[in-house]
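The structure appears below as structure tokens.
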């Protein structure tokens with residue numbers, strides 16, 4: 001097996017001059033490797049090593065500097081000192097005692113000191129680093145938050161997909177004893193209920209519902225159509241079930257301007273208009289319930305349709321549609337005579353009357369000369385003679 005460079009190793013000169021014994025590495029090296037397992041003579045063989053003369057030697061093709069000079073004699077190191085080796089050895093061919101082909105030489109005693117228990121170990125990483133003091137590590141990297149159990153990290157069932165088409169293995173959350181905290185009820189406030197129009201005098205008996213905190217309350221629009229239950233409550237004087245057991249006083253409807261022609265007969269027969277207005281003094285009847293709902297907004301003042309541009313409210317959806325055209329500039333109605341465009345159909349109809357009047361005037365002016373050009377019969381004067 002051949003060695004590759006993993007790191008530069010600080011080695012003393014004496015270790016290069018004194019050859020290691022041949023039986024130091026047997027053919028099958030056990031897992032617990034001891035570099036100095038010889039007799040006392042072999043240990044004394046290294047007592048003359050000088051620990052001060054150290055140089056970096058790599059296992060590559062780099063040649064050392066030939067100009068360096070070395071002394072012929074080596075003085076023994078004062079005291080009982082040790083030399084520490086730090087590095088790794090990588091091998092091309094794998095062996096049964098080193099599966100990862102990497103040997104990490106952490107430390108080895110030289111002068112009769114027994115090596116540490118972790119002197120020689122195999123690691124799966126490709127580089128070794130000297131660990132800094134524990135205080136510096138804690139200062140640079142704060143400690144991670146402790147976890148009581150695995151359920152804090154994995155609270156949902158984990159499933160693994162098999163590419164061969166087998167069904168995934170699902171692990172139930174019973175293995176991870178954890179319970180999710182319940183959602184705070186204050187996190188999502190209740191949305192206001194617009195199922196029924198409330199009179200200003202009755203707002204005190206209804207619990208207050210606040211919209212979302214980040215949303216403007218004026219932009220929360222009620223539904224466009226008043227529910228049919230509200231109309232029946234007006235008509236039959238019944239208590240709406242949404243109010244519970246609290247009695248609701250009858251809703252007073254605001255009077256409206258009287259009709260210009262109150263006794264004008266309607267084209268639709270009376271029996272085909274079963275929906276009558278419940279307001280006092282109003283004799284309006286309608287054939288459809290939605291027409292009555294739209295009419296009741298006149299009495300209640302309810303304007304559920306709101307423009308999101310200028311925040312103006314309307315009681316009818318078609319009024320909102322024509323109002324939005326003032327912001328967009330859309331004019332879909334064009335005059336048939338002059339091509340002028342209008343945003344509302346009634347404006348075009350009013351404008352068309354101008355052309356009709358002009359046409360009538362032209363026809364009148366064209367008919368007057370034809371009447372004057374008719375031939376007139378002139379009678380001859382009667383001549384009388386006197387005798």
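Quick reminder: no glycine exception, Cβ is built from N, Cα and C everywhere.
As given in Swiss-Prot:
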- 269-283: compositional bias 'Basic and acidic residues' (COMPBIAS)
- 350-360: compositional bias 'Basic residues' (COMPBIAS)
- 241-283: region 'Disordered' (REGION)
- 348-387: region 'Disordered' (REGION)
- 275-299: zinc finger (ZN_FING)
- 305-327: zinc finger (ZN_FING)
- 333-355: zinc finger (ZN_FING)
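Restricting the average to the zinc finger (275-299) gives a pLDDT of 86. Secondary structure by DSSP for the compositional bias 'Basic and acidic residues' (269-283): 3 helix, 2 strand, 10 coil. Same-chain residues lying 6+ beyond the ends of the compositional bias 'Basic residues' (350-360) with a Cβ under 8 Å from its Cβ atoms: 335-338, 340, 342.
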